[in-house]
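The following features are taken from Swiss-Prot:
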REGION    1-204  region 'Precorrin-2 dehydrogenase /sirohydrochlorin ferrochelatase'
BINDING   D22, V23, L43, N44  NAD(+) binding site
MOD_RES   S128  phosphoserine
REGION    216-457  region 'Uroporphyrinogen-III C-methyltransferase'
BINDING   P225, G301, G302, D303, I306, T331, A332, M382, G411  S-adenosyl-L-methionine binding site
ACT_SITE  D248  active site, proton acceptor
ACT_SITE  K270  active site, proton donor
Amino acid sequence: MDHLPIFCQLRDRDCLIVGGGDVAERKARLLLEAGARLTVNALNFIPQFTVWANEGMLTLVEGPFDETLLDSCWLAIAATDDDTVNQRVSDAAESRRIFCNVVDAPKAASFIMPSIIDRSPLMVAVSSGGTSPVLARLLREKLESLLPQHLGQVARYAGQLRARVKKQFATMGERRRFWEKFFVNDRLAQSLANADEKAVNATTERLFSEPLDHRGEVVLVGAGPGDAGLLTLKGLQQIQQADIVVYDRLVSDDIMNLVRRDADRVFVGKRAGYHCVPQEEINQILLREAQKGKRVVRLKGGDPFIFGRGGEELETLCHAGIPFSVVPGITAASGCSAYSGIPLTHRDYAQSVRLVTGHLKTGGELDWENLAAEKQTLVFYMGLNQAATIQEKLIAFGMQADMPVALVENGTSVKQRVVHGVLTQLGELAQQVESPALIIVGRVVALRDKLNWFSNH
């Protein structure tokens with residue numbers, strides 16, 4: 001280990017930055033956030049330094065480097081564009097046993113600045129020891145996506161409860177189990193983020209009054225239409241925290257690779273026209289695993305509340321008193337249309353969009369008269385097997401036979417394929433496509449020739 005990671009208490013302590021440009025400004029911002037009493041020494045200053053000085057946040061010393069400014073300092077940063085000046089700052093600091101950072105010159109520095117993930121009071125620092133700042137930045141960005149923005153609020157609130165926890169729970173084991181429940185409670189975290197004091201207090205009292213045995217819960221997560229990059233940050237956080245993930249065929253392998261490695265996985269294989277596991281049995285799997293005290297993620301393609309039967313699954317949990325929450329996802333209509341160059345609405349062609357299931361309960365019938373109306377876009381989910389009927393009904397109820405149509409197979413994935421034509425060809429086009437696929441009907445489909453971007457990459 002070439003560098004010892006430490007966190008410095010700089011509040012109300014003298015620090016010096018030599019340099020008045022953009023790099024110095026970024027370093028100054030960090031030191032000011034840490035509460036340092038800051039002096040900045042440079043020949044010239046960018047405007048932000050003058051703003052800070054006028055607000056009394058720091059002291060500016062205009063002119064060449066003055067090493068006597070180091071005499072009262074705890075820490076220094078050399079951030080000029082002159083290597084000779086930077087080395088002088090480093091040498092002067094070294095002779096006074098003051099830690100000094102030299103920007104872009106780690107070998108000349110006695111300390112280096114890490115990439116920081118700030119969820120104060122929780123802080124995470126990432127460093128490559130100065131060998132690869134870009135790698136450190138990329139790792140920081142990845143960690144940023146994994147750590148919720150409200151984590152700092154949760155940590156601060158935990159600090160307020162420490163005395164009460166210590167008083168109520170006699171052993172370290174009991175306290176540990178309480179904190180484990182506390183920090184994974186999504187309802188508490190969301191209430192803190194929303195500054196909902198009433199909900200925070202209610203959830204806190206429930207945590208203190210419940211048995212310490214972990215209470216199970218279910219999180220319904222929308223995985224999006226295929227591309228793993230379209231999974232939401234909150235969705236990623238949830239699958240990283242799951243004890244067990246119950247998923248179906250529409251969830252891509254790339255997304256499943258993001259699931260916590262030691263989480264159990266249950267494949268239920270749902271797709272239109274074929275249910276590897278009946279819906280009622282899926283409901284019971286969720287209920288059973290949650291009753292064991294597990295954190296269950298039900299991972300569904302697209303958005304769980306748009307033709308995903310998510311509402312039915314949650315009704316079962318609600319009836320049994322199992323806590324649940326929902327993380328929405330990008331629905332297939334939005335993702336597939338965007339990746340196909342087909343805007344769902346357009347000022348000239350469509351003032352509304354309808355999401356329609358082509359997979360009806362026995363005896364069900366759609367409102368074909370309204371579906372055949374002008375100036376709208378229709379998106380049919382699970383409609384491949386009914387494509388010929390959709391074609392026949394729309395024409396029978398007045399839709400023009402030359403209405404553009406598109407079928408998007410494996411939308412947003414590297415296997416995406418789009419076939420398009422006009423309404424009179426819909427039944428025939430459906431024979432060329434395999435599930436999962438989406439049917440889009442409307443004048444906006446004609447824009448695909450101009451707006452298609454994904455297949456060109």
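Just so you know, glycine gets a Cβ as well, placed from its N, Cα and C.
Overlay of Swiss-Prot annotations on the structure.
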{"residue": "D22", "record": "NAD(+) binding site", "contacts (Cβ under 8 Å, 6+ apart)": "I46"}
{"residue": "V23", "record": "NAD(+) binding site", "contacts (Cβ under 8 Å, 6+ apart)": "A79, V103"}
{"residue": "L43", "record": "NAD(+) binding site", "contacts (Cβ under 8 Å, 6+ apart)": "G20, E62, G63, P64"}
{"residue": "N44", "record": "NAD(+) binding site", "contacts (Cβ under 8 Å, 6+ apart)": "G20, E62"}
{"residue": "S128", "record": "phosphoserine", "contacts (Cβ under 8 Å, 6+ apart)": "L135, A136"}
{"residue": "P225", "record": "S-adenosyl-L-methionine binding site", "contacts (Cβ under 8 Å, 6+ apart)": "G301, G302, I330, T331, A332, S334, G335, C336, G411, T412"}
{"residue": "I306", "record": "S-adenosyl-L-methionine binding site", "contacts (Cβ under 8 Å, 6+ apart)": "T331, A333, L355, Y381"}
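Cβ proximity to the S-adenosyl-L-methionine site centre (mean Cβ of P225, G301, G302, D303, I306, T331, A332, M382, G411, cutoff 8 Å) flags the following additional same-chain residues: G224, L250, F307, G308, G329, I330, A333, G335, C336, Y381, L438. Those same-chain residues not listed among D22, V23, L43, N44 yet with C-beta within 8 angstroms of the centroid of the NAD(+) site C-beta atoms are G19, G20, G21, A24, E25, A42, F45, I46, A79, T80, D81. G302 (S-adenosyl-L-methionine binding site) carries a strand DSSP state (E or B). Other Cβ atoms within 10 Å of the Cβ of A332 (S-adenosyl-L-methionine binding site), summed over all protein chains shown, number 28. For the recorded positions listed here (D248, G302, G411), the lowest count of other CB atoms within 10 A around the CB belongs to D248. In the predicted structure, the region 'Precorrin-2 dehydrogenase /sirohydrochlorin ferrochelatase' (1-204) carries a mean pLDDT of 92. As a whole number, the greatest separation of Cα atoms within the NAD(+)-binding residue list D22, V23, L43, N44 is 15 Å. When every Cα pair among P225, G301, G302, D303, I306, T331, A332, M382, G411 is compared, the largest distance found for this S-adenosyl-L-methionine site is 16 Å.
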